[in-house]
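Undergrad: After the structure tokens below, expect a handful of questions from me.
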């Protein structure tokens, strides 16, 4: 623009030349969104040297009186400095004035829209270990959290300028996604332990000592009916009312009900086995008579050549109908004994299998609690680190 020049009587000339200057500077996004930038603008003459024209800054900083506030950047200041440079080609000095524009990004927008949602989503990842294994949603929760963080990572990439430096919030997102991936992998491993079936091997001795005793007490993992002071379930002295056998608490059967029923069945079967054993040795059952024993059983014993003692009668077979046999068939006693032994062995195997399965489930629960606290601590310190940069 053609503007007038003001000339004073002492030879001073003042030329007000309005212009719009566009400048670019290198932006460092290493601490995005808590970054500060410095943009330098240098004014000087390439035509005249310092002996011909001298440049003097009237103020120590730029005039920001008419500056319009920006919603994203805050201007901290604009200091000025005069430099005199001597080039190798020429012996004359070349003065210039350098203005440094100090900018700081307003991070409140990014904190409430990108950072806080990421922190809250990150705290959901350790809660996946607290979710019961029988719910079937442990792995789904980890995958959902991972997808949510991926979406926020794309929003961060669109919000900042392209740069070779990885921003701080980007590092936080990558670290959180890596942690969630590791937690999902550990969840799959723990669920395999939880669903160990009857064919699983017994728990090693060191695992029982370290995991089921020490770690279970440290992380307050107890079975149903146990307390913090006494890890063993209390013994029921009085018979409890009949309850639903299929009821479960936290995916585990009420073991005290099962143990009480098995104990009653075992005592009754042991007494019955003892009585049958004595009757089998004597060969006589005083409580039964031939009237109580089926004829086909007696005939089958006779056909097999087994001896049957008779109390009275004219004939040795019961087909005549004159005598009454008070002895019980040996085959009947042996069949009854085999059935009772089968039932006892079945209950014993079922109890051992359920005990082994319950131990593996408790190991998985202890490991869930252990990794839950480990990942909680990791998320807490990472969030504290990223928020500490804002303060």
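Backbone N, Cα and C define each Cβ position, glycine as well.
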Undergrad: According to TrEMBL, which stretch among 84-105, 172-193, 194-215 corresponds to the feature transmembrane segment?
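TA: From TrEMBL, the annotated transmembrane segment range turns out to be 172-193.
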Undergrad: In TrEMBL, which of the ranges 34-58, 59-83, 109-133 has the transmembrane segment annotation?
TA: 109-133
Undergrad: Other than its close neighbours in sequence, what residues sit by the transmembrane segment (109-133), given a CB gap under 8 Å and a spacing of at least six beyond its ends?
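TA: That would be 32-33, 72, 141-142, 145, 148-149, 152, 155-156, 159, 169, 172-173, 176, 179-180, 183-184, 186-187, 190-191, 194-195, 250-251, 361, 364-365, 368-369, 371-373, 375-376, 379, 382-383, 386-387, 390.
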Undergrad: What are the DSSP helix/strand/coil residue counts across the domain 'Neurotransmitter-gated ion-channel ligand-binding' (2-106)?
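TA: Going by DSSP assignments, the domain 'Neurotransmitter-gated ion-channel ligand-binding' (2-106) contains 0 helix, 42 strand, 63 coil.
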Undergrad: Residues of the same chain, at least six outside the transmembrane segment (370-388), with any C-beta under 8 angstroms of its C-beta?
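TA: Answer is 115, 119, 122-123, 125-127, 129-130, 168-169, 172, 175-176, 179, 183, 186, 190, 215, 219.
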